[in-house]
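A.B. asks: Encoded as structure tokens, here's the structure I'll be asking about.
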Amino acid sequence: MIGVFDSGIGGLTLLKEMMHTLPHENFLYFADTENVPYSYKTTDQIKEYVEKAVVFLRNEGCKAIVLACNTATNVTIEFLREKYDFPIIAIQPAVKVAFDNNTENKRILACATPVTLKADRFEHLINSLDINHLVDRLPLPGLVEFAENEQFESPEVLEYLKKEFSKFDLENYKYVVLGCTHFTYFEKLIQDNFPTLHPVDGNEGTSRHLKNTLAGLNLLNLNDNGTVRFIESGKYVTDETRFWRYLNRQY
């Protein structure tokens, strides 16, 4: 079984990709809905929440754990990997994907939570890739709350994006990095209303990395039909309707 952690429902966009990549694996998804959003939490609070969830998932029998929350990755991944010896896979903003495809050398807009954009780990990622200073940063904490409230195409969320994107001349940009798994739900909205921007996220790369890691450790499940169960802040979910509604959403 593979444990998947997110502050809320954003990580379901990554779970959906992993279910496609690893159809025989069983997944246990932990949404920390009691503490979402993490956008304004302190690093100590985030470490406490994430470690508690990781220990819970490990105790439930998970062979590997995926941090499906960019904020959690940037705050906790080094700490967790130093402390625990089981595989912990972590999503991070797909800045490298944007650079690899940026043949026109246009500007890149990196969108994430304020915590992610200020993190040392994100700073190191940018410094290792952005030799021509093409990346601009845009915190979009409001998108987390819009996603949690299932406001994917409302006039309010579109107005929010228009206001935030108006800070930049979008004609100079080609890629927008969706550096929070919640943001993937708005991929189509961005494409339809801001046609110069091409959204990229880290879901496919993280799923591939998980598969390669499990294969390298001879931990792949190749025989069974995969199952999914859901947990909210340490309690198993009995009515999974909301979770499946998010998983089945097209974006």
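Glycine is no exception: its Cβ is also placed from the backbone N, Cα and C atoms.
Here's the feature list from TrEMBL:
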type	residues	note
ACT_SITE	CYS69	active site, proton donor/acceptor
ACT_SITE	CYS180	active site, proton donor/acceptor
BINDING	ASP6, SER7, TYR38, SER39, ASN70, THR71, THR181, HIS182	substrate binding site
A.B. asks: Relative to the Cβ position of HIS182 (substrate binding site), how many further Cβ atoms are located within 10 Å?
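C.D. replies: Taking every protein chain into account, the count is 31.
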A.B. asks: Can you list the residues of the same chain, besides ASP6, SER7, TYR38, SER39, ASN70, THR71, THR181, HIS182, whose Cβ falls within 8 Å of the substrate site's Cβ centroid?
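C.D. replies: Going along the sequence, the neighbours appear as GLY8, GLY10, GLY11, VAL36, PRO37, CYS69, ALA72, THR113, VAL144, CYS180.
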A.B. asks: Which chain-mates of SER7 (substrate binding site) that are at least 6 residues away have a CB under 8 A from its CB, listed by sequence?
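C.D. replies: Counting only residues 6 or more apart in sequence, the Cβ neighbours of SER7 (substrate binding site) under 8 Å are ALA31, ASP32, ASN35, VAL36, PRO37, TYR38, TYR49, CYS69, THR71, ALA72, VAL144.
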A.B. asks: How far apart, in Å, are the two Cα atoms that lie farthest from each other among ASP6, SER7, TYR38, SER39, ASN70, THR71, THR181, HIS182, the residues recorded as binding substrate?
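C.D. replies: The widest Cα-Cα gap among those binding residues is 13 Å.
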A.B. asks: With every protein chain in view, what's the tally of Cβ atoms within 10 Å of the Cβ of CYS69 (active site, proton donor/acceptor), excluding that atom itself?
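C.D. replies: Summing over all protein chains shown, CYS69 (active site, proton donor/acceptor) has 33 other Cβ atoms within 10 Å.
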A.B. asks: If you count other C-beta atoms within 10 angstroms, which of the binding-site residues SER39, ASN70, THR71, THR181 is the most crowded?
C.D. replies: ASN70
